[in-house]
Structures are given as structure tokens and as C-alpha cells.
Amino acid sequence: MAVSTVYTVLSLNSACSISKPNKTHLGFNQKQLVFFKKTTTITTTRRATTVITCSAGDTVVIGLAADSGCGKSTFMRRLTSVFGGAAEPPKGGNPDSNTLISDTTTVICLDDYHSLDRTGRKEKGVTALDPRANNFDLMYEQVKAIKNGVAVEKPIYNHVTGLIDPPELIKPPKIFVIEGLHPMYDARVRELLDFSIYLDISNEVKFAWKIQRDMAERGHSLESIKASIEARKPDFDAYIDPQKQYADAVIEVLPTQLIPDDNEGKVLRVRLIMKEGVKYFNPVYLFDEGSTISWIPCGRKLTCSYPGIKFSYGPETYFGHEVSVLEMDGQFDRLDELIYVESHLSNISTKFYGEVTQQMLKHADFPGSNNGTGLFQTIVGLKIRDLYEQIVASKTGAPLEATKA
Amino acid sequence: MASSFTLTSLNPCLSFRSISNGEINSTKKIMIKMSMITPSSKDGTRSKAMKFKGTQMREKKLTEMIEQKVVEANQVCGEDETSDECKVAWDEVEEISQAKADLRLKLEKLQQDPLESFCQENPETDECRIYED
């Protein structure tokens, strides 16, 4: 351990945050400087340790737009699982916090940036979907700070009480995910995102999922569920839906086409729409990149049960952008179907053969584990890991370039 | 409290063909098969995960709020369906429904009480009294 005496620190690089740990654990991390300060008071000599953490701004920021609430469990847990470790709410803090933290990833809920609490929104006649209920200035400032390696005190919106609670400290993680209704609404925030995803659920599927979610509740009925969706639709279409044109990846969930006159809503058709030309992001493809493919894996080598599985892949245009679309209709019934499909996909950024299958099995009890939603969420997680590693590699590569010059 | 999954008594019908963009047809045509719905956990499983009084209080409060807010929304929208008040009322219903669902998910799928870590640090609070069924 190197010890040197430092006398004054007038101003710190904005990329540094200061914390006073209660216990001096002195676990060394190359980015930490431990300041050991002696203070003499009249009666005692106290020693204070201040730890200054400079994280050199290597936080990667991901935006996820989704309608149904935060801690949206399934997608987030799959994503954090890809990086390793389980995401937990911050220990010992506000139990109604919406934040999830794992070793590498922190996920925050953008509802925390509501400028109006439930009463305020009622008074102004404004839904949570409305930009007027959200403080985009604060959102931008704080996401920018995190990206630059500075910890922030972020407000907490309490979904139970409908009030804005005292803030919690968010420290810059390796991967910072902002999840909610408006991650891509404000242009300044959009600029900060290294990658963005929009979860586009079709009306029919949304209705089916909400019935699944609410039908058992005492106060709800089909009518109330339907009325709630319809009442929110105008604001949703005006403020939330347009964000999908900005997303680097869109996961679109539709009813199946495999079952004629299907009215069960059990089998889903999921499309992974991937923008071309996004830095560090190479779209997943089937067989031959840039061509158009239609593939039914079930046949001689693989036996599937009804209604089977159908894939398609091809280039398309989406809101004026060039995109590649990978689509899966149907569902997996057996492990070998999953591994067979995985072995035929390219550019999935796995670190070993079978990684996608392994990740899917890990969360086999989560909804979507047997269809395209789970599959594509897992793949997007792997692509984000790949993107993160490329960004970090490019940053460490830069100083070497400078010394060579 | 009634189990969250008394689905055996349900038999509404859902027809995708008849659902056009933005419009949802008459409820008589709506049908859901049992297989579509996530298998229910038995009540025993849920009580096992629910450990603290605070969680039980939250769950109860959310349930009551859903009922109350649906009634409110129906009232407000009865007067003027296109008003801002109507939109906001249903948005509140959505918010509470989602909060309740999140709590249920934590208890059932993750088998953990959300107050676990808070109560480790603050065992003396009212919320952290052990819940007994």
C-alpha cells in the first residue's frame, strides 16, 4: 500500500464522489484513493477516513421503455442474470424503492422522476404517461452525472402511497439501466443512452396480459380492465408509442399466426427489430446476413409438438430506418428445441455454446420462458453485454494510442 | 383474504380476431382458457414467503385501494367519459393494480418478503413484527 501525504484538495474532478465509509475496510480497488486524516480536538484525537472514488466515467447507460410498471421483473432479471448475480433492492433503504442493484448493474425506475405525485396529478388532470408529470431536467442531470461517474441522490416515487419519498443514493455502476415510460422522450436523455430498447406489446396481447394480472382482484372485472386500457390509450399513443422510432431494438409482441382463428392468446409471435448501423451492435441473424429467410426447425431432425415453431428473418424499413427483423412464432416445449434453435442463430454474442439455453432454463418459471419474449430478451441481454465489453475495450485502448503517437 | 388465483370460477372469452386496432369487442366474446394463465400457487406458498406485518398491511391496503379506485373511476367516467378526470382515475387504477401485481410476484415467484433487508436493519419497527396467519 502506498502512503503519501496530501495537504489540500481544492477541487476534485467532477468524475469523483466522496464517501465516508463507516467501517474502514480498505479493500483496494485501483480506482479508489483512501485519505487518512488526523483531527485533533480538545479532548480526543480522532482519525477520519475519507474515500474518494473516481470511476473514470465508464458507465454504460441503457434505456428500456415499457408500459407496465417498473422492476418489470422479467426483462430486468434476465438482463442482470446475463451479467451474473441477482438484482436486489438496495439493502436497508426505503422498502418501497423501485431500484434494483446487482454487482454490475443498477436499474432505476423513471417514475422516480415524477414532478407531480398522485394528488398533484389528480389536481392537474394529468396521467403518469403525460410528460407534464415528469421532471426531465432532473432526469437528464442525474443520468448525465451517473454516466460521468458521479453518485446522485435520486428521489423515490412510492407506488403504494403515491408520494415522493426522500431520495436514495445511487452510485455509478458498470451498467446503468433506466426503465420506465419515457426513457427516450427527452432528446438530451436520448443522447446519453448507449443502447435503447422498446417493448411494444400489441393491444390484444396487452389486454390478455392485464386480464391475467388483474382478473383475480376483488375490485376488477373485465369491464374495468378494458376501461382502464382504453382510458390510457390516448396518452399512451401520444407520448409513449412514438419513442419506438428512436429505439435501437424493439421487441414486438403479437398474437400467433400459426393457429387459424386462434382465440387462446397462449402462443405468441415475437419480432426482434434491430436497427442497422448502431455502434457496437451487430444484429442477430439467421443463416445469411441481409437475406430473407423463412425457417421451420421442426422436421426430421427435430420433432415439435403443435403448433410448432416458425422463424423468419430479413431486412425491413422501420420508421425510415434500415432494420433487420428476426421473428419467432410458436413455443418451445423441450430443451432440445431450444438448443437446436440457438445453434442456428448467428451474432448472438454468447461466450459459449448453449449460453442462451442455459439462461432461459435459469428462469424457466418466468413468463415467456417458452417463447420468443424470453428468447429475445435473453439475446438482447447478451448483446448489451457485448456492447458493454466493446465500449470498455475501446476506452482502455485510447490511452495506449496516445502514448504511441 | 381471497386467493389471488380463484381462476377456476372464471370463464370469460377472448377472441383476437374480433379485436381490431384499439377496439375491444363486447365482453361476451371474450374467452380465456385456463392453460393460458400462470399456474396458481397455493395459499400456503404465499403465506410462507410473507413474513412481516408491514407486507401484509401493504397487500391489504393495495387490495382495498383497487376496489375503491375502480368504483371512483366508474363514477367519474359516468359523468363524462372523455374528461381528464376520467383518464386520471383509470390511470390510478392501473398504477395500483401494477403495484399489487409486483408485490404478488415478489412473494410468489421470488419467495421473499420485500421487507426482508429493511427489517434486518430495523427489527423493532411496527412493520417488522412477524406476521402470523
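Even glycines carry a Cβ here, placed using N, Cα and C.
Computed from a predicted structure; not experimentally measured.
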Cysteine paired with B:CYS77, where TrEMBL records a disulfide bond, from B:CYS86, B:CYS119:
B:CYS86
In the chain carrying B:CYS77 (disulfide bond), residues 6 or more apart in sequence that have Cβ under 8 angstroms from it:
B:SER83, B:CYS86, B:ALA89, B:TRP90
Based on DSSP, tally up the residues of the domain 'CP12' (B:62-133) by helix, strand and coil.
52 helix, 1 strand, 19 coil
Same chain, 6+ residues apart, C-beta under 8 Å of the C-beta of B:CYS119 (disulfide bond), given in sequence order:
B:LYS51, B:PHE52, B:GLY54, B:ASP113, B:THR125, B:GLU127, B:CYS128
If you average pLDDT over the domain 'CP12' (B:62-133), what do you get?
86
